[in-house]
Number of protein chains: 6
Amino acid sequence: MINELNDINIATVHNPAEIAAHTTLSAASKASILIEALPYIQKFAGKTMVIKYGGNAMISEELKNKVMQDIALMKCIGIRPVLVHGGGPDITDFLEKIGKTSTFVSGLRVTDAETVTIAQMVLGGKINAEIVSRLNSLGIPAIGLTGKDANLLKAHKKLAEIHEANGQTNHVDIGFVGEVTAVNTQLINDLLDNGYVPVISPIGAGKGETTYNINADYVAAEVAGALGAEKLLMLTNTKGIYTSLDDPKSFLSSIPQAEATIMIENGTIQGGMIPKVEAVLHALQCGTKRVSIIDGREPHALLLELFTNKGIGTEII
Amino acid sequence: MINELNDINIATVHNPAEIAAHTTLSAASKASILIEALPYIQKFAGKTMVIKYGGNAMISEELKNKVMQDIALMKCIGIRPVLVHGGGPDITDFLEKIGKTSTFVSGLRVTDAETVTIAQMVLGGKINAEIVSRLNSLGIPAIGLTGKDANLLKAHKKLAEIHEANGQTNHVDIGFVGEVTAVNTQLINDLLDNGYVPVISPIGAGKGETTYNINADYVAAEVAGALGAEKLLMLTNTKGIYTSLDDPKSFLSSIPQAEATIMIENGTIQGGMIPKVEAVLHALQCGTKRVSIIDGREPHALLLELFTNKGIGTEII
Amino acid sequence: MINELNDINIATVHNPAEIAAHTTLSAASKASILIEALPYIQKFAGKTMVIKYGGNAMISEELKNKVMQDIALMKCIGIRPVLVHGGGPDITDFLEKIGKTSTFVSGLRVTDAETVTIAQMVLGGKINAEIVSRLNSLGIPAIGLTGKDANLLKAHKKLAEIHEANGQTNHVDIGFVGEVTAVNTQLINDLLDNGYVPVISPIGAGKGETTYNINADYVAAEVAGALGAEKLLMLTNTKGIYTSLDDPKSFLSSIPQAEATIMIENGTIQGGMIPKVEAVLHALQCGTKRVSIIDGREPHALLLELFTNKGIGTEII
Amino acid sequence: MINELNDINIATVHNPAEIAAHTTLSAASKASILIEALPYIQKFAGKTMVIKYGGNAMISEELKNKVMQDIALMKCIGIRPVLVHGGGPDITDFLEKIGKTSTFVSGLRVTDAETVTIAQMVLGGKINAEIVSRLNSLGIPAIGLTGKDANLLKAHKKLAEIHEANGQTNHVDIGFVGEVTAVNTQLINDLLDNGYVPVISPIGAGKGETTYNINADYVAAEVAGALGAEKLLMLTNTKGIYTSLDDPKSFLSSIPQAEATIMIENGTIQGGMIPKVEAVLHALQCGTKRVSIIDGREPHALLLELFTNKGIGTEII
Amino acid sequence: MINELNDINIATVHNPAEIAAHTTLSAASKASILIEALPYIQKFAGKTMVIKYGGNAMISEELKNKVMQDIALMKCIGIRPVLVHGGGPDITDFLEKIGKTSTFVSGLRVTDAETVTIAQMVLGGKINAEIVSRLNSLGIPAIGLTGKDANLLKAHKKLAEIHEANGQTNHVDIGFVGEVTAVNTQLINDLLDNGYVPVISPIGAGKGETTYNINADYVAAEVAGALGAEKLLMLTNTKGIYTSLDDPKSFLSSIPQAEATIMIENGTIQGGMIPKVEAVLHALQCGTKRVSIIDGREPHALLLELFTNKGIGTEII
Amino acid sequence: MINELNDINIATVHNPAEIAAHTTLSAASKASILIEALPYIQKFAGKTMVIKYGGNAMISEELKNKVMQDIALMKCIGIRPVLVHGGGPDITDFLEKIGKTSTFVSGLRVTDAETVTIAQMVLGGKINAEIVSRLNSLGIPAIGLTGKDANLLKAHKKLAEIHEANGQTNHVDIGFVGEVTAVNTQLINDLLDNGYVPVISPIGAGKGETTYNINADYVAAEVAGALGAEKLLMLTNTKGIYTSLDDPKSFLSSIPQAEATIMIENGTIQGGMIPKVEAVLHALQCGTKRVSIIDGREPHALLLELFTNKGIGTEII
């Protein structure tokens, strides 16, 4: 039999480079790779997994496609995937386009009413739509959501913390920056039960019609926790956690929750990794079963983490 | 008993002016008005109705609130409302903000890639979110959708028609302007069945990740037709159809489909009303049972059309 | 649009007097009254409410119609209404017709086998049928039940209490007068789930084929309690509870359960109101959430209590 | 094992006479009789059967009990029984009690407003309640219905036909005597699906609150037809149909529909049997699959007709 | 009516001897026997019962048919029957056919790999198929299962116990003889819910593809316990339990669990009855509600135990 | 993350040879092979496929395991697999064991009562159990069935055809050899809907308790046809169909149904392939959508046919 696939856009599935890479494999090798995935397929069937999909896995068309293929495969074999995406750089770009410069306090963007509207438009009206569109092209029915849809993410204002030289901590109002107070898991489960993949923008619904921009890592953590997800998979721009950043051999494929806390306190985990690990710890406290930090720059990182014996990232349990 | 309503923001429901307006009514009058609505509530329960909500009913905060209250009431008494909104003026405003001037061919905006992205962001990321937010505040769980969500609105390119002086008609490519080729009614019905109100932006999904901007009246017509809706309610900036525009007494509260066609041909229906009536006729051909053209500037226009004996608009059957 | 309502007997809905009373209202006033009801509609949707409908709200055709309209409206907007009706005066009339005089002991009718059969025929075969018939005319599918249907109300004999001059209390057998020992809530919920309105006559099923006549207030209290009803609405011939019967200003719109007990003990609540309030307290003890005593002589008393901000009766919590 | 049956009133099941009659049977005989019923139990499982239960099977307590036991057994082994009962003699008795004499035109009672109310009270408030009560005592949840419940039997006036000496037929208005125009099968099926046995009084719902008294044989025929019942079982005071009334050997255990028509025309079927056979023919025309005329005076007539190889009545196919 | 039964093989239901035996019974006697069964039918509807069907009720074609008729009747009136069968003698016969002699240790067959395969073939491929076939012929859809189907009976090795003269107990490996470690009740309930009768061979699934032969009494006990069955009915070759084996009058129709234990210890229960009673006690400990030991040689033993007032066996509670 | 798989017997999934074969593959290659399968997974989800699993794919433990792994994978990704197995050689072996020699007429085994019992025991009690056991070990709940279970395969006698030298065809009774007359698809679909994999032995149920042995290819064809299966996959001992048997290059990956008929008539298809192709044509006539003839000796033949672009067998459409 020569298989025909009329209704799916095969071009988006296989680019020539990819095909060239593996056509030399024997039929037996192909089959045995499929069979290697079998026990994982069985193990994960029916489980909810939240994927945090951020800037680093969005850097090229090819990488975007591979992430979407991975999610499509997860969905097809019975996993219930939920996407949370970020998009800080695109917001900055768009603000510049309308001649608006952002200032930051303790790493958080000062967000006036116009800025939060732009954030909502970029996240919910552009990046989200693009992800939904790519999944649809692969035959996966995806639904874009912001936190406003059926109050998916109720939120209130989050103050920035400024650590003064004298050791005091001041809290500063930086506008429409929020944190999640409640997640409408009913909505997510209704969509999953009906076969859709929810794609969530990190926009929160405040009182009345107030809009909040929220850190996407934390949204993913809250969503995973509220759903009691089997896994939170965070696509980042590092391979995972190292005991010594200079030494690739110090990579940790698994650490317990308690140890991660210690590594933050003693400075082993540093810089931009700190808020990520804090979000991870938060997700575990909220009810997520396991969290993996994966290198989003690696092609098919999700598949390799889930369906091969060795995995590729750091799992925190 | 003094009724308490802790969990609903009563302030958004009654502004002081409104309350003042009717507190002088006797209890008996209030009760008899509720009872007047009873047979209509029974008649419409379980029926799907599509509301086209355009620029004219969006002109003031008060008017927006009243439209949302009407939809909330429709939902609460068992109607299945589906909203389609427009937003041309907001798109124009935003394009200006980034220094981009629109040109029009036969009334249609020439739409390059950047323009269609802006249209998608304004419609799906701003106007839609605002509507969803208002409905949520009234305790109605609404979900914002664009045509990309689960391929809700599949579309292809629509060419502009230029009627030349010599009687010929030329077709001109004006970019990412589309028309609907298929509606995913499964998605709408899944959401309605789960108790959500779908709010739809007129953005179409083309091949791959192509985006199209589509006329909202036509989207409403296609959606109503595909759903076999009981009613399509079009909120416009006129009271309805007149045989003579200068004579308010020539208002028609009901006309048959065939007559509407004649009135376009013989010029009784003119100007901006023509495309609206054409959309209406299209909706009826596609399977909508009845269409009403209502004055969106009238407060509570939807309620008055649906729940009073006289109605307020023109119905085309 | 001019609304047509072919299948519902509009004449029964609006009598001319009523229509005259409110046609002078502006459309805006009408709409705002509908909107005033919105938050209550949302609050009460899906809740079970038991209505005790007794002699005082049955005094005129007009009043009967208004009560039925209220129940129809409650049903249409998603409330689950259950009616319990009384009918002592009609039983007395019918007994007289067959030349039978009733004697009473401590306010309870001495009920021999023939009398209880007549009671069953009048309640279950006449009054009940009339209520069912009126609801059906309004398009509401009602089902008449006595306590015998699927053993809806299991009952045993209730003895009359005679308080002797010497302070002793004697218990006297007065025949087939009963009290409820169990309520078949499964039957009521089956009917409500299938969309029917149960209309219950206060006839109890004893052992074998024994029939008992039971006080309707107590039946309503037991049914409301067994269902864990959101509300028991008792239509009576007073406006509610007063601290001083002579002073209309002493009307109480809400009193706590404990206080009602005290008011009986200290004599503030007197006469025919005592057994009603005792039934109310019993309903609260059995699991009803709230009970209202309403003036059944007031047109649309149910609607005004439920859907206006001020309500009209006394609520005991 | 000695079987204990605490929750069912065994006394109502077996009277001593009955027990004496068969205790001499060997265990083997008992078992083989149960097994004889097996193929009929399989054949009839899930089938709807309408039983017309009239005056002749109501003549003694013992006979009433046996009919109810039969229906209980039918229900327990998976048949869906629906009862329609009559009660003319009881109505006459009650009218006499209140000093009212009935006149008849062509065999139909002239029925004024008071008479139809009495009919409704006797049928719906007394006879129906007694049947329901007996079934409940056997552990079968029965629900009493009149044609008014959810408009079960819509009806209009039926005129009496007077065949004049000159060969003409006059139609005379004799008051509230009706005929069925529509049956609400949804209600019957809802109750059957929920496990209840519907017991129907032959009272029809006219326009508004008008009540009609209807011939019970015809009600049974209409109900069986509307339900597409597997069988209509008419309990009468004859063994069935004979070719010659004087000759017991001329009994027919089965006749085709066409032949029954001929036997009426040629006078073989006479007197009170004519309207019964006409009702039977009507039931077959309306969609009933088979009708049996059975001798209601025979103990356990229903069981013997259904579960023994020979049956006992006349079946019209 | 003369009943016709085209689709069921009536010949298998009634043999001539049987029919002769009871045709002399009057119709009234037949009916009253059916009615005697009514309260038991009501009591047992929807209950799960496990029948252990062993060698003694398999001795003649007639007896086999009667057992199957009993199970067919149980199924038809709403009981959920589950069969467990044995078959030791047939295994022995077949082993002889291939020239293999069995040795026994403490009453258990030494079972090598070839023997256990033969056991599986005889039980699952011959006896089971015959039972299924007979039930199908009676119109009852039966499904044959071994413990391997969806791991119905997980098992591990059981060692034989040898009681040495010196009072010590040695444990000896006798091959593929097993005991149940887990029962897949989901499978049994899935089949019962879909209307099938499961027929289970006492073959257990060990690790990988290991097969174990298991004592059928114990399998029945484990299955009944795991299902929380209403009854376990054990068809044996004795009438039940006696206090004195020589005295038929010492038959016990019911004994409490504790007493049975004592009767084993003090030697009142002896020989082959001991393992049966031990299995019974095990069933009760595992969650079975009641167990009856019945004489499988008695025709229609199951019916007589279940549907007559006196029953025929010994029940242990 | 290092994946742990405690509850599945990983040893049965990967033998060392296999693992060695592909550990040298890069992660990227592995991922891209999984992705290559994606469109086929989507295309086949929810489709029913019948696999004929015969002697040639049963020749070694390793090959058996691979077939079972393939079926496990099919099941896990949403296909509804149904297995039909054969087993002629094992039947012959067993008959020899009991000293019975088979004679054949026109290729069909003369089958007396003892032979058909042995066939049933070998197929249903040994081969079937082994397959079920292997699938269970892979975590796939399989249920073994013969045609007797709930009358899965109703059958009647099939006569052998002898083509005489004189051109005449004689029909000879060769005993309990049958052909399928009806398939109980309800049973298969009930099991598939509940998540089980049915494994079917080619034993048919005749009248009463008669047993028939049936050709497994034809059983697979009938089952696939009755189910309207998406595919019938026949594992054989050839690579598929060739125009010239001597020339490997003449292999056909796809032929239309009509052409296959011609190739039988003109002798291109010969020998043992003829009955297989006839069974295939029969399956297509009965309603199977597509049939593939695949080389069962090829490891993972099923996966390669289904999930790679080229496939490996001959498809007849």
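Count begins at 1; order follows the chain as displayed.
From the backbone N, Cα and C atoms, a Cβ is placed for every residue, glycine too.
Caution: TrEMBL annotation is automatic and unverified by curators.
According to TrEMBL:
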- C:GLY87, C:GLY88, C:ARG109, C:ASN213: substrate binding site (BINDING)
- C:47-295: domain 'Aspartate/glutamate/uridylate kinase' (DOMAIN)
- C:LYS52: site 'Transition state stabilizer' (SITE)
- C:LYS276: site 'Transition state stabilizer' (SITE)
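Annotated features taken from TrEMBL, shown on the structure.
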residue: C:LYS52; record: site 'Transition state stabilizer'; Cβ contacts under 8 Å, 6 or more apart: C:VAL84, C:HIS85, C:GLY86, C:ALA216, C:ASP217, C:ALA220, C:LEU232, C:LEU233, C:MET234, C:LEU235
residue: C:GLY87; record: substrate binding site; Cβ contacts under 8 Å, 6 or more apart: C:GLY55, C:VAL122, C:LEU123, C:ILE127, C:SER201, C:ALA216
residue: C:GLY88; record: substrate binding site; Cβ contacts under 8 Å, 6 or more apart: C:GLY55, C:ARG109
residue: C:ASN213; record: substrate binding site; Cβ contacts under 8 Å, 6 or more apart: C:ARG109, C:THR111, C:THR115, C:VAL116, C:ALA119, C:GLN120, C:LEU123, C:PHE176, C:VAL177, C:GLY178, C:PRO202, C:ILE203, C:GLY204
residue: C:LYS276; record: site 'Transition state stabilizer'; Cβ contacts under 8 Å, 6 or more apart: C:ASP217, C:MET234, C:THR236, C:ILE293
Three-class DSSP secondary structure - C:ASN213 (substrate binding site): strand
Longest CA-CA distance among C:GLY87, C:GLY88, C:ARG109, C:ASN213, per record bound to substrate, angstrom: 13
Three-state secondary structure, which DSSP defines for C:ARG109 (substrate binding site): strand
Beyond the site residues C:GLY87, C:GLY88, C:ARG109, C:ASN213: chain residues whose C-beta lies within 8 Å of the centroid, for substrate: C:GLY86, C:ILE91, C:THR92, C:ALA119, C:LEU123, C:PRO202
Cβ packing number for C:ARG109 (substrate binding site), 10 Å threshold: 22
Coarse DSSP state, helix versus strand versus coil, of C:LYS52 (site 'Transition state stabilizer'): strand
Collapsed DSSP category at C:LYS276 (site 'Transition state stabilizer'): helix
Mean predicted confidence [pLDDT] for the domain 'Aspartate/glutamate/uridylate kinase' (C:47-295): 92
Three-class DSSP secondary structure - C:GLY88 (substrate binding site): helix
